[in-house]
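Enquirer: Sharing a structure, written as structure tokens. Questions coming.
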Amino acid sequence: MRLPRHGHHSVAELFPRTHAEASPRLVIKPAPVAPPAAGHVPDPDDVGAALAPVVALLAGRKLAVLTGAGLSTDSGIPDYRSPGSPPRHPMTHQQFVASAAFRRHYWARNHLGWRHLLAARPNRGHRALARMEDAGLVSGLITQNIDLLHLRAGSRRVIHLHGRYDRVVCLDCGAVVPREEHDAALVALNPHWRERFQHVADLEVAPDADVVLDSTADFRVADCPRCGGVLKPDVVFFGDNTPRERVDRAYAFVDDAEALLVAGSSLAVMSGLRFVRRAHKAGKPVAVVNRGPTRGDDLASVRVHVGTSEALPVLARELGA
Ligand SMILES: [Zn+2]
């Protein structure tokens, strides 16, 4: 039998420049909290005052809400795009699809890391948005997060723009496998894998994470239980497109609303920025609440550089939720 194409390469060759990287959901240990960006950073006691222009802008208007990684940092899920975060080079969709070695590497780390998301709990920001929906203030919530914390907080009209961590899809037949079920299959194929590596979990974010990487070569990947095809987490990787149907449903949230609230997203990727453009083009006000500057600031009517855990409870209360 011929060796796979990558069989004789070292890990360093297989994962050039990505050897210490993985997508956020794979990392067990949260990155250090980023320092607040320079500029308009109000004292915590002044959050109410800082938010006054946002309240004035949004009061009495039905809102679409767009959220990103900044909302979940206080739930222990790191945001790799915030200022001060280490540069990341997550695996791309193309790498995952093209290479069995990349897939093995991905699943090996994901098998260790996904329970970190399972254990995460919503914070005050998530709960405030859920209260706003209950009070009839929100037409719909679009999130770039895959962590499901909005649903756990009680939000109902949620579009997971970049997918959700609790599902695995077959690239060949389209079957959807619950992540728990997939986990059981991986445990059966890789007994004692977690126990073996739990003690080196801290190395996941260390510069010399090669210990973990060198050890993924013998990980066994589970195939689709229906057709034997390639399984991929139901999340949008870098280099992949958000499904059109999902984008259209999210546009409808913006179209049904009278204003857009951006919370905890730096709008670094077009998948989020396009909703700001959509609202702006329709003449709808846009408010940005984020720890640092965002790529949509020029289009925003107001922006406040405050963390969402501090800001959203105040905003919800002031808007009557
Ligand atoms: Zn399949």
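Cβ coordinates come from backbone N, Cα and C, glycine included.
Bear in mind that TrEMBL entries carry predicted annotations, made automatically and left uncurated.
Copied straight from TrEMBL:
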type	residues	note
DOMAIN	41-321	domain 'Deacetylase sirtuin-type'
BINDING	68-88, 264-266, 290-292, Thr308	NAD(+) binding site
ACT_SITE	His162	active site, proton acceptor
BINDING	Cys170, Cys173, Cys224, Cys227	Zn(2+) binding site
Enquirer: Of all the binding-site residues given, Gly68, Gly76, which has the fewest Cβ neighbours within 10 Å once its own Cβ is left out?
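Expert: Each of the binding-site residues Gly68, Gly76 was scored by Cβ atoms within 10 Å; lowest is Gly76.
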Enquirer: At a 10 Å cut-off from the C-beta of Cys173 (Zn(2+) binding site), count the other C-beta atoms across all protein chains.
Expert: 11
Enquirer: Which binding-site residues from the list Gly68, Gly76, Cys170, Cys224, Cys227 come close to ligand 1, meaning a Cβ under 6 Å from one of its atoms?
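Expert: Among Gly68, Gly76, Cys170, Cys224, Cys227, near ligand 1: Cys170, Cys224, Cys227.
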Enquirer: From the centroid of the CB atoms of Cys170, Cys173, Cys224, Cys227, the recorded Zn(2+) site, which same-chain residues not already listed sit within 8 A by their CB, in sequence order?
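Expert: Here the non-site neighbours turn out to be Leu171, Asp172, Gly174, Ala175, Asp223, Pro225, Arg226, Gly228, Gly229, Leu231.
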Enquirer: Among the binding-site residues Cys224, Cys227, point out the residue whose Cβ has the most other Cβ atoms within 10 Å, with all shown protein chains included in the count.
Expert: Cys224
Enquirer: Excluding near sequence neighbours, so keeping only residues 6 or more apart in the same chain, what lies with its CB under 8 A of the residue listed as 'active site, proton acceptor'?
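Expert: Spatial neighbours, sequence-distant, of the residue listed as 'active site, proton acceptor': Gln144, Asn145, Ile146, Val235, Val236, Thr242, Ser271.
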Enquirer: What is the interatomic distance between the Cα atoms of Cys173 (Zn(2+) binding site) and Gly76 (NAD(+) binding site), given in whole Å?
Expert: 35
Enquirer: For the domain 'Deacetylase sirtuin-type' (41-321), would you mind checking the mean pLDDT of the predicted model?
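Expert: Computed over the domain 'Deacetylase sirtuin-type' (41-321), the mean pLDDT is 89 on the 0 to 100 scale.
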Enquirer: Reduced to three states, what secondary structure does DSSP give Cys170 (Zn(2+) binding site)?
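Expert: Going by the DSSP assignment, Cys170 (Zn(2+) binding site) falls within a strand, counted as strand.
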Enquirer: Would you count the other C-beta atoms found within 10 angstroms of the C-beta of Asn290 (NAD(+) binding site) for me?
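Expert: Taking every protein chain into account, the count is 27.
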Enquirer: Closest of the binding-site residues to Cys170 (Zn(2+) binding site), Cα to Cα, picking from Gly68, Gly76, Asn290?
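Expert: It is Gly68, whose Cα lies nearest.
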